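Feature annotations, reproduced from Swiss-Prot:
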COMPBIAS  161-175  compositional bias 'Polar residues'
COMPBIAS  222-235  compositional bias 'Polar residues'
COMPBIAS  248-258  compositional bias 'Low complexity'
COMPBIAS  278-290  compositional bias 'Pro residues'
COMPBIAS  307-322  compositional bias 'Polar residues'
COMPBIAS  337-347  compositional bias 'Polar residues'
COMPBIAS  393-403  compositional bias 'Pro residues'
COMPBIAS  410-419  compositional bias 'Pro residues'
DOMAIN    45-107  domain 't-SNARE coiled-coil homology'
DOMAIN    446-505  domain 'SH3'
MOD_RES   A2  N-acetylalanine
MOD_RES   Y53  phosphotyrosine
MOD_RES   T174  phosphothreonine
MOD_RES   T178  phosphothreonine
MOD_RES   S183  phosphoserine
MOD_RES   S187  phosphoserine
MOD_RES   Y213  phosphotyrosine
MOD_RES   T215  phosphothreonine
MOD_RES   S216  phosphoserine
MOD_RES   S222  phosphoserine
MOD_RES   S225  phosphoserine
MOD_RES   S319  phosphoserine
MOD_RES   S323  phosphoserine
MOD_RES   Y455  phosphotyrosine
MOD_RES   S466  phosphoserine
MOD_RES   T507  phosphothreonine
REGION    159-290  region 'Disordered'
REGION    306-375  region 'Disordered'
REGION    388-421  region 'Disordered'
Amino acid sequence: MAELQMLLEEEIPSGKRALIESYQNLTRVADYCENNYIQATDKRKALEETKAYTTQSLASVAYQINALANNVLQLLDIQASQLRRMESSINHISQTVDIHKEKVARREIGILTTNKNTSRTHKIIAPANMERPVRYIRKPIDYTVLDDVGHGVKWLKAKHGNNQPARTGTLSRTNPPTQKPPSPPMSGRGTLGRNTPYKTLEPVKPPTVPNDYMTSPARLGSQHSPGRTASLNQRPRTHSGSSGGSGSRENSGSSSIGIPIAVPTPSPPTIGPENISVPPPSGAPPAPPLAPLLPVSTVIAAPGSAPGSQYGTMTRQISRHNSTTSSTSSGGYRRTPSVTAQFSAQPHVNGGPLYSQNSISIAPPPPPMPQLTPQIPLTGFVARVQENIADSPTPPPPPPPDDIPMFDDSPPPPPPPPVDYEDEEAAVVQYNDPYADGDPAWAPKNYIEKVVAIYDYTKDKDDELSFMEGAIIYVIKKNDDGWYEGVCNRVTGLFPGNYVESIMHYTD
């Protein structure tokens, strides 16, 4: 308030008086400059003096106007703030009056109403009659309720002519063996994990043969009679699992023990005895070696026949070739070989064709039959069951299916890694690792893993390796097409990855 009073009484009036004095001084200075310019002899000097007076006068007037304007603006700001404070006070008084009026109105309204008495009670009220607690009854856990659930192969047993599923428990393994049989790669896969342990299984009764058990006459080379199965089930069998690419081996070994399921072979072509050619597609490693299929007479024995005469010539190598028929016929090759693989159809004992090597014309290979049941290679059974082979009659083979699939022009997928089943000690790979204590001098310093060959392989190209079964190979690179690069006996080259197994699978 004092500042406002000082501006109104002193600053602004003094500024106005200064402006009036400047106006009068400017008039006198103008008269002097005009007379001086007329009377002076040196016109230039008189002009310069006039300019100096003019500049000084303008500066003085401008300063005085600026000071007076600032004082007026400051006065206006002070008055505006006072007005805002007064407005706020008036609003506060108005709100106070409104509140007082509302209180009075409520009081008057309350006089016209009646009082309401409310009883205060607890929100939660305990029940009058307490319920008796129910006694806990423990129910035992039934570990067999989920035995028939899932995609695994169910065991079948023949009882009074009816097929009834037999339940099995969880499998485990106590002492894992350090060797495994060199069964060829299969396309059938199980559903158990890769590291599932196993244990010794109890023998089960032989199953009955379903209607879709065999789908091709060529399969009869791998079929065995239930009599053999019955004799096999008289002793416990130990199965060992492995990790990595042979994980499905464990599942099949645990869910179909003792069931002689044959490996499917390609359906016979309908072109008769004419020569045909199988163009091998490139881009995948070759499957294990292929051997001619055996006729049915060498596999299925008649009742009462001598075991030695029917099974004396069967070896693990022949059963391996029979089980790899589907893999070799449906799998591809990494590159086109210089000499095309050639096959011809020959008459079979049961009317189906056999394949042998001849010079032939071009035709697509037949596709494999649909897999109605999981396939398990039968390897190493013959040495154990020759004495009991004639105990049971041989069931007749079922008729082939009516719906044979058409040929597929798309190239078949490459064969999967080997899927073996450790059923017999006679079918394991006997290998001796001379480098178990330390790597040899020719071994590479940096390698991915050390593997053992489970099949013999002869190179087709100069950049490939040749090795025998049981050879130790150091893998230095794994290609996406299934071929590995490794070192064996100071020789570096390529080899198919499904011909070897990691040594860790044997030592686990």
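Numbering starts at 1 and runs along the chain as it is shown here.
Cβ from N, Cα, C; glycine included.
Structure coloured by features recorded in Swiss-Prot.
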| residue | record | Cβ within 10 Å |
| --- | --- | --- |
| A2 | N-acetylalanine | 6 |
| Y53 | phosphotyrosine | 16 |
| Y455 | phosphotyrosine | 23 |
| S466 | phosphoserine | 15 |
Give me the Cα-Cα distance between Y53 (phosphotyrosine) and Y455 (phosphotyrosine), rounded to a whole Å. 120
What does the structure give for the C-alpha distance between Y455 (phosphotyrosine) and S466 (phosphoserine)? Integer Å is fine. 11
Take every residue in the domain 't-SNARE coiled-coil homology' (45-107), average their pLDDT values, and give the whole-number result. 94
For Y53 (phosphotyrosine), what is the secondary structure state per DSSP, taken as helix, strand or coil? helix
Cα-to-Cα gap, A2 (N-acetylalanine) vs S466 (phosphoserine), nearest whole Å: 114
